[in-house]
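According to Swiss-Prot, the protein has these features:
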type: BINDING; residues: Glu89, Asp112, Leu114; note: Mg(2+) 1 binding site
type: BINDING; residues: Asp112, Asp115, Glu277; note: Mg(2+) 2 binding site
type: BINDING; residues: Asp115, Gly116, Ser117, Ser118, Asn208, Tyr241, Lys271; note: substrate binding site
Amino acid sequence: MKTLGEFIVEKQQDFPHATGELTALLSAIKLGAKIIHRDINKAGLVDILGTNGVSNVQGEAQMKLDLYANEKLKAALKARGEVAGIGSEEEDDIVIFEGDRAENAKYVVLMDPLDGSSNIDVNVSVGTIFSIYHRITPIGQPVTLDDFLQPGNRQVAAGYVVYGSSTMLVYTTGCGVHAFTYDPSLGVFCLSHESVHFPPTGNMYSINEGNYIKFPLGVKKYIKYCQEQDATTNRPYTTRYIGSLVADFHRNLLKGGIYIYPSTASHPNGKLRLLYECNPMAFLAEQAGGKASNGKDRILDIKPTELHQRMPFFVGTKAMVEQAEAFMAQYPDEE
């Protein structure tokens, strides 16, 4: 049995000039995940369910657990001293950590502390998403927004934690995707899936079909394609949609499938956030042999213009994403 800590240190040895700072940063995320895991498991017994009566910068009602997870992760990252600042779904602006250690830190972190938190009340899987970059401003001074507005192809590491029937941490540093299952009796994440890859073909599509009437024509046509009977392509495909990006992505990663959150009439730019949802998942997808785009362009090549920028998102098994892109190109949006 190999723990997450042992695995990270082992991989660090492949890089002679590694300083251990990224290892310490990942350790902070690991600690935050353990704390969130502990408290999610007793969410119905303590007063952390439901909303807190305020909205975030995107106008979405903030769940109590959203804010709780945000504070725990922020505290864990700040305490390690390897992070200069964070960007979070739950923060209106970037959070600049103060002090000499923070100003001399090399990294910034973007995160969705609790993806799918509206599912908590009904005991459905939720997750944490994180993305790590080297800062681009000079060491020795506070970070700026420019440090966070980098394209996804500059990510140093990315990953997610899925809190389900078991808690798993899945991450990449650009050398494959590896998954670790939490053993609560030992208090450690243990390697359970090394070098994870999407299956070459898939037969699941994950999309909220309740919004069908609002979808672009290309997405409507792709859904109909998925529903048609054709033995040569193993259709019709199966619909599986949980409503938590982490949970849907995780299932499709292991089983083969595509996740789509397109633009809609009410969200013409899409709804998922580029920096702390699409980019980290796209990095993981490509490292696992999959693909991620906005229906046309590679997600990791898109230059962000604002912290909470939204983006249509197509991610999963490479062949399925390419098929969906073909429908988007063939059937432009209805006028």
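Placement of Cβ uses the backbone N, Cα and C atoms for every residue, glycine included.
Look at the binding-site residues Ser117, Ser118 and count other Cβ atoms within 10 Å of each Cβ; Ser118 has the fewest. Glu277 (Mg(2+) 2 binding site) sits 7 Å from Asp112 (Mg(2+) 1 binding site), taking the CA atoms of both as reference points. Taking Cβ-Cβ distances under 8 Å and a sequence gap of 6 or more within the same chain, the neighbours of Asn208 (substrate binding site) are Tyr241, Gly243, Tyr261. Summary of the Mg(2+) 1 site environment: with the site residues Glu89, Asp112, Leu114 set aside, the chain residues having Cβ atoms within 8 Å of the Cβ mean position are Asp66, Ala69, Asn70, Ser88, Glu90, Met111, Pro113, Asp115, Ser117, Thr128, Ile129, Tyr276. For the pair Ser118 (substrate binding site) and Asp112 (Mg(2+) 1 binding site), the C-alpha distance works out to 14 angstrom. The secondary structure of Tyr241 (substrate binding site), as reduced to three states from DSSP, is coil rather than helix or strand.
Cα of Glu89 (Mg(2+) 1 binding site) to Cα of Asp115 (Mg(2+) 2 binding site): a span of 9 Å.
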